[in-house]
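Features as listed in TrEMBL:
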- 1-18: compositional bias 'Basic and acidic residues' (COMPBIAS)
- 1-43: region 'Disordered' (REGION)
- 110-183: domain 'Cation-transporting P-type ATPase N-terminal' (DOMAIN)
- 159-182: transmembrane segment (TRANSMEM)
- 194-214: transmembrane segment (TRANSMEM)
- 357-379: transmembrane segment (TRANSMEM)
- 872-895: transmembrane segment (TRANSMEM)
- 901-921: transmembrane segment (TRANSMEM)
- 942-970: transmembrane segment (TRANSMEM)
- 1009-1033: transmembrane segment (TRANSMEM)
Amino acid sequence: MSPVHRSDTQPDPEENRSRPRLPARQLSLSSGPADKPFSRRSLSPARELELRRQHSLVFSAGPRRANLGPKIIGDFRTIHAHVADLVHRPESPVHAVKGSSHIKELADLDWHTLSQSEVLQRLSTSATDGLDTGQAKRRLAADGPNEIKPHKSNVFLKIFFYFAGGFGSILITACILCFIAWRPLGEPDPPLDNLALAVVLIIVVCVQAGFNAWQDWSTSRVMASITGMLPSEVLVIRDGNEMRLAARDLVTGDIVCISLGNKLPADLRFIATSSDLKLDRSVLTGESEPVAGTLNSTDANMLETKNIGLQGTLCVGGSGRGVVIQTGRHTIFGRIAKLSSTGAPVRTTLQAEIARFVRIVVVFALSFGLIVTVLWAAWLNKQHYGFITSSGAVTNLVAVCVAFIPEGMPSAVTISLSVVASRLAKNKILCKTLMTVETLGAADILCADKTGTLTKNQMTVASAAILNEEMSPQEAGDRIGRGGNEGQGCKELAAVAGICNAAVFDDSTSDQPIESRLIDGDATDSAILRWAESLHPLRDCQAEWSEVFNIDFNSKTKFMLKILRPALADALPVPISPFDDFTAASLLLLCIGAPDVLLPRCSYVNDPKGGPPLPLTPDILNELSRVQDSWARKGQRVLLLAKRVLTPGMIPAGVIFDDPAFLDLVDQHLHQNLTVVGMVSFYDPPRDDIPETVRIMRGAGIRFFMVTGDFATTALAIAEQCGVISDASRVHRLGDLDRNAQMGSVEKYDVYAENEVPITSLVLSGPDLQQMNEAQWEQACQYVEIVFARTMPEQKLRIVKEFQRRGAIVGMTGDGVNDAPSLKAANVGIAMGGGSDVAMEAADLVLLDPFSSIVVAVEYGRLTFDNLKKTVLYLLSAGCFSELIPILLSVILGVPQALSSIQMILICVVTDVLPAISMCFEKAEAGLLLRKPRNTKTDRLVDWKLLLHAYVFLGLLESLCAASMAFWYLNREGFLFRDILGVLSYGDLPESYNLDAYAEAVRVAQSTYFFTLGVPVEFIFLPLAFAVVMIFLDEARKYRIRSNPKGLLARIAW
């Protein structure tokens, strides 16, 4: 039988405000604790190679498969953040979010808010007897098994789009028409040229499909099977009896018995729990800290509340019972699997431009094809019957489509982007999708973390203070050396700093100087541990205490807490002072954290002169605030250290420290009336290259914002040192944003304004973001310089969404597990190579080098777009318009077609591709990073200016030169142009002409139109002279534009 449970009718203690403690220090996934800042060290060669294989297209040996653990965590946190946003802000738009229907459904679920009786009634089940067998069978037949099957994409549909996507549908149609023109329209003597053209088109379509398949294969994120992460068997209650059942046979309404070591087989609502029920949710959240199971709802968000057990989570303590509320694909796990395996990602800016280009070309091709066909049917076939047969008319229609469509474009774009990705990889920038880098080039906002991104992540203790007596680290050591009452205060400060610390020294370096010893821990803990060790040997202090309870630091509570028991009965160990009421049965509570969080819990402060603790009066509070503010203005991070002696009467006898009720006791009673031991400040200097990086980004028209968890004053000081804020003394705050402003009256920031935009600066904290309404957000989004301070990782998502709603292209950096939602939501998510696997899985780019390499990424992003425009310009003028002219001249003027259809397509897919690809090796134009970001609404890959330049300026000149070569050759062979053209002769040649010789001459003339092998040498070198003339004309055009930037030529220049 199952152990004793607490039923719903028994009183349930008020839910804990803080997270339950971690019974033993454990590591979760390779990502590390979710809320801890990462200590990014230099990457080892092995780790760098691993990251290149996982996140770079260039180094992948196959499709880039998502790392299952980090991917699940990232997807869960993304869904969680969107659901939380929707729960707390119902008006929040989610329509643009991938899987928005799932998010809306999850936000609307109310299983956690219903009472136990309401849940059981809705599911028509009993808490004691469960379902009867008949009910279970009917539900299993209706809802299907409790399985999460990997999504099976429609292979045939995918292959179809490989072939028919882009220009493929037009080319396939053209191929079919060629076969028809060959037979039956070509009967009785089917022209082999039409058959050859059909075969060539088939080859072209297959090659393009291959490129499409390769790109899809290279960038796929196929989620591995997750069946191994779920249990195969489960203990349930049916028909009033406990029985073992295959997990796949579970249905909604089943009562599941949970015990230590069980994985939850479905989403459950707890109906009975033991006092020590705890669940490990690290498979979903990445947090190794177990979560207590409760009976009542603890959060409006179903993904956060503790009375819901999520499928795949592990019971690591206690036991309980739950009623199944969701199974199979409807569970949170199932929804994540579906979102990870289906649905096309949001199109990048470049993909949108290429799709628009395809539409333009297709419309042009179909329009001109229709015009040529109508001309033939309505006029040419009637007035000059036989000049172009029905088979020839179909071939001409195909030729028009072939002429307009740059068949080499897909391969040229794919190869060009692959070359760019390879170049970025050499600069230690891993590009996970080919199209991503161009989006970064179009970004007009870049949000960067402070710690480890803008700063060196080399924390050092800068100052210490007991009340208002400030001292340097060296002065603190001197006081301890001198002894006396003043030394006692510094010794207490060092002891609290060393004991209440999550970092530990590496024993293998214990014989080295303190500065050289290795430490396992984040940068802040490491700095304070090293400083404490320099003041007082910590091994002795730590040996005098044994830990009984702790709460690790996280970004929500912003403090760390430990409760300790003396290891020796008769000792008075540090940091106990002679004024503390401490006995052998007492416990000691130590905590370290943000002053704004801990000061409200403090009642006393240590006397710097060594006397008894002083009451925390308003004057003393002002003194502490003054010290804190003075440090923060220097860009230093401040932590407060506090303690409290817990006498035996404060803790009930027989208390179980693992009991969630004890955590509530700590939060409500024990973690109060603390004594401030002192404060410590840290300094993490900005990277040397960051001011120049920020300057370059600003010069490129990109607004550069800082996002940090530090206090506003500290963040502002660092931001000013980094160049993110120009003048910290002229910064606006929340109070400067009019809450009642009319949206239409807010002056909009225009990155493309000709006149220089006045610099305006703003600093906002996390609490400010929670209070802001739409009018204030509208005003905030117009500032040039912004520092977001004291922000929670979840609030980064809100920042991204607010700027995107106003048309911005946002780049966001991140390295922690909690950053996954904002990295996914940003137009370009940028992860640091030393960050978590979850962040790198969610990001689009991974920077292996310091953040300054973002300059290279932005430059290549802009260069990619510029070079693609050159590629398009070349293909349209040389490969499209110049091929269309011979068809139009033949139909309208009746001259022989100067370029055959087969030659057209060979030119497009063979001879044009290599020159087009060479465009991607073009170096950046001068001032590339002095230009404004590309306006994605007006600055298009193909616009009327580029079409005018391609078709009129270049196309006409190229066609004129090429046609002159073809007809000159015919003239030299004795077929005079006046005879060929005559008075629109349409094939009515003089009787003296030998038709076979004429046909052979036309064949060679077609080669001279686009010179190939087998033509006289003069027809190779004369076009080079034409090329020189065209280069001269183009350079003259450019010179005229530079001389008169507001003239007509400048206004129509592409």
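Any Cβ shown, glycine's included, is placed from N, Cα and C.
By the Cβ criterion (distance under 8 Å, sequence gap of 6 or more), the transmembrane segment (872-895) is counted as touching the transmembrane segment (942-970), at least 3 such pairs being found. Count of Cβ pairs under 8 Å against the transmembrane segment (901-921): among 194-214, 942-970, 1009-1033, the largest is for 194-214. Secondary structure of the domain 'Cation-transporting P-type ATPase N-terminal' (110-183) per DSSP, as helix, strand and coil residue counts: 44 helix, 1 strand, 29 coil. Here the transmembrane segment (1009-1033) has Cβ contacts under 8 Å with residues 882, 886, 898-899, 903, 907, 911, 954, 957-958, 961-963, 965-966, 969 of the same chain, all six or more residues outside its ends. Counting only same-chain residues 6+ beyond the ends of the transmembrane segment (357-379), those with a CB under 8 A from a CB of the stretch are 166-167, 170, 388, 393, 396-397, 400-401, 403-406, 872, 880, 884, 887-888, 891-892, 941-942, 947. In the predicted model, the domain 'Cation-transporting P-type ATPase N-terminal' (110-183) shows an average pLDDT of 87.
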